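So the structure is just underneath, and the comments pick up after that.
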Amino acid sequence: MQQPMNYPCPQIFWVDSSATSSWAPPGSVFPCPSCGPRGPDQRRPPPPPPPVSPLPPPSQPLPLPPLTPLKKKDHNTNLWLPVVFFMVLVALVGMGLGMYQLFHLQKELAELREFTNQSLKVSSFEKQIANPSTPSEKKEPRSVAHLTGNPHSRSIPLEWEDTYGTALISGVKYKKGGLVINETGLYFVYSKVYFRGQSCNNQPLNHKVYMRNSKYPEDLVLMEEKRLNYCTTGQIWAHSSYLGAVFNLTSADHLYVNISQLSLINFEESKTFFGLYKL
């Protein structure tokens, strides 16, 4: 039998003694060259490698671990659908009730408005029946007067302008330079006179408001101002005198303004005036 020649030493041959060979005598054995005697320069061959263990037969595939059975879902998880449905149903019912309440309130409000309007109409009609309307009475005009300076005034007491410019009169009368009271009450009376001159001679300046009534034997002075040394001698000068106070006047009282120097008065309507108004 043939053996591979590259197999490592030593090799073992089985020799059959009964076999004959044309190239060797029977019983002869050809030892391995390494088994013969070594010379002094020859080295011993390395030991043979350890025998290789035979490969195990192909193993069977490992069995798969048994599948763990899935846990059954909790029975409570199946209740979420009915719960959600119930919540939606409750919300819809609440919305419906709210809309019904709103509609009902609007209806009641409309009925209340209609009832109120009818009540007002009935009340107004009853008042008209109980108190029939009478022609509206004209309210008495408020007692007020404002008279301005009259440059044509040449006598005492002073005469005034009661028609033109800023002059006005209502609720009282103007008669011969005086204001006649028609209604008893409290009045604020005022008067302003503007004096001026080209040269100063220091003559006394008198300005007064007085009242005249048939009940009194003499005139009653209400307000008065008297000025001295109001200018420098020989120079142009000007002086303004103002009087004003509240008085309790009665019907038929006459009010006048008197001054001492008629020729020294500036009769411009913004500088000299006389008036009153009822409080």
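Note that Cβ sites are derived from N, Cα and C of the backbone, with glycine treated the same way.
The shown structure was predicted, so the numbers you read here are calculated from the model rather than taken from an experiment.
Record features (Swiss-Prot):
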- 1-78: topological domain 'Cytoplasmic' (TOPO_DOM)
- 30-70: region 'Disordered' (REGION)
- 45-68: compositional bias 'Pro residues' (COMPBIAS)
- Asn117: N-linked glycosylation site (CARBOHYD)
- 126-150: region 'Disordered' (REGION)
- 143-279: domain 'THD' (DOMAIN)
- Asn182: N-linked glycosylation site (CARBOHYD)
- Cys200-Cys231: disulfide bond (DISULFID)
- Asn248: N-linked glycosylation site (CARBOHYD)
- Asn258: N-linked glycosylation site (CARBOHYD)
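Annotation for the glycosylation sites Asn182, Asn248: lowest Cβ count within 10 Å of the residue's own Cβ, Asn248. The most densely surrounded of the glycosylation sites Asn117, Asn258, judged by C-beta neighbours within 10 angstroms, is Asn258. The disulfide-bonded residues in question are Cys200, Cys231, and the one with the fewest Cβ neighbours inside 10 Å is Cys200.
Here the C-alpha separation of Cys200 (disulfide bond) and Asn258 (N-linked glycosylation site) works out to 21 Å. A straight line from the CA of Asn248 (N-linked glycosylation site) to the CA of Asn182 (N-linked glycosylation site) spans 13 Å. Asn117 (N-linked glycosylation site) and Cys231 (disulfide bond) have their C-alpha atoms 76 Å apart, to the nearest angstrom.
Helix, strand and coil counts from DSSP across the domain 'THD' (143-279) read 3 helix, 72 strand, 62 coil.
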